[in-house]
Amino acid sequence: MPIHAKKIKPAGKAALNKLANEFADFENETEDQQGLKGLALSTEELPKKARKRTIIEQTPDDISYSDLEEDEPENGSEIEFSSLLKGFGNDIKTTLNAKRKRIQSFTQGSLKASNKKFDEIWNKQQKEREQHEDFSRQVMTVLNQWEIDLQKTREAMEKLESLYQQQTKLFNQQHAVQTQRLKRVVQLHEDYTKGILNLKKNHEEHKRTVHDQLRKEISGLQKKILSDTQQQDFTNVRRSLETMLAQV
């Protein structure tokens, strides 16, 4: 449809710039949303003619006005351009609404999936926290019981140490007493040994003395007996001689 480029007023050009900028901003926003979610949204074809798409996709600065025909009068060009702008606006609004609905649906789906995943992770972490808390309680119970057992062990060790010290002290005392007794026994044994040796020595001396005396007495008795025997024999011989002489 021929349009006279030189007859476009500043108001129409500003409206076209505004629509093109809104569409470009919405396209950038859509691409940003797609990049953040990691999903590729399929592009939607515009329901209008290719000529309209070509003009919409170009910025006002990129439109080549040299190709536009100049045959139409000024009023008809403005009316047709206004109709074209209205059609562009309706198409853009329809496209924006469709994409907005798709973004909202996608956002809601993403939120639901995120909430579901978050709930699953939360429940899992809650179970893990409960398990960790239960394990911590068990560990604390074991540690407390261990501390009680250690305290009892320390008390028992202190009692055993005190008893050991008492027994050691008593043993040292008994050892000292037994040492004194042993020394006394050794001293008594030495005294007894000395007494026995002295007694034995005295007995030996007394025995020698008695033996000497007995030998002397026996020798004297032997001499006396021998003398008496000899005297008796002399007497008997003399009597016998006297008897014999008397008979003669």
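Including glycine, each Cβ sits where the backbone N, Cα and C put it.
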Original post:
Which one of these stretches, 31-58, 143-170, 171-198, shows up in TrEMBL as coiled coil?
Top reply: 143-170
Original post:
Looking only at the domain 'XLR/SYCP3/FAM9' (95-224), what are its DSSP counts of helix, strand and coil residues?
Top reply: 130 helix, 0 strand, 0 coil
